[in-house]
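Participant: So Swiss-Prot lists these for the protein:
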type    : residues                          : note
BINDING : 110, 111, 112, 113, 114, 115, 116 : ATP binding site
């Protein structure tokens, strides 16, 4: 790849910022534009010295290669200007699809667990071989002459069909984007189409009934804890330090692995990593060493201590993710009360999953909901957070300007969950708690 100047429209997007960091590491000139409001991804961009400008068509110069975020339409002023200048314009997923061609590429797809699994795989392979990676939490690393390229593959709007990777891990199939997909069959169709673009093998979760139906040109290996899985975790042990297991490929013992992560899903994510490493004939002892020193990814069970409280920040916004996050909190802190603070994400999703939200949030010792976070595409809806709290014993709606109800808890765990701007509620609570 010859050196070029890449201009990102929407550089603070989580995938976009990660891709910007990868290209910067590989020696290219990188700059871009976005809203001026602070976004958690800009810390990494600023540390790399990557220029972030406010949107302005005058930013674009002859010779730039433009990478446009998927949320911007063709009539965006900067995209229009790029066309006037005759610049090459890629959409994010199109560019990533081209970039991975020079490596042994491993994508991670699925409705839930993508970012955690991508992060775990990137960390583990990096400790064993030269690895570039792009994670959906805004983290990206480009290592010149890498053997592996690990990336998160998002199924939204079928964008992942731009990818033809060597391997694909598929964590699960769920109807997670009711604003785009028509139902489970439609999502399955997208995954099966992608499966037929994979070059070497697919590693899929064995307990997913949809993934069990996959038909592909390459082998599909299933991972899990049941006898019918190809890659299997046995002798699973979960305690307050993390999770350990013996990994088998059919009847062959690959090795014993420990990962300092919590929740049932963490064992599955680690097993998927072991499966890919095994197929690439990497040393199991080195893989075990790297899994054992993993420290997690941004916004996935990120913890801090303040006063006598443990505060957890997590991106969970689908009922299955909330269930997994609360399960992880119970494993790590079996003797503490678990307080859930959840920001529902979009009216359509909240309405589609109302009974499931009631069920999973009832598993916390106490539940609070913030008002629903609306998206740019959908400003209002028929459902309110009060409709959910009314169905959970003792639950209430909490507002950023009054986080006092949380001050009644001591020596407990507060888990803030959501994909919107839940962090502003967490900050408001931390400020109150620190002053107390």
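The backbone N, Cα and C atoms fix where each Cβ goes, and this holds for glycine too.
If you look at the structure here, what lies around each of the features I listed?
Facilitator: A 10 Å cutoff on Cβ-Cβ distances gives residue 116 (ATP binding site) a total of 28 other Cβ atoms nearby, all chains included. For the recorded site, residue 116 (ATP binding site), the DSSP three-state label reads helix.
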Participant: From the centroid of the CB atoms of 110, 111, 112, 113, 114, 115, 116, the recorded ATP site, which same-chain residues not already listed sit within 8 A by their CB, in sequence order?
Facilitator: 108, 117, 171, 172, 321
Participant: Within 10 Å of the Cβ of residue 115 (ATP binding site), how many other Cβ atoms can be counted across all chains shown?
Facilitator: 21
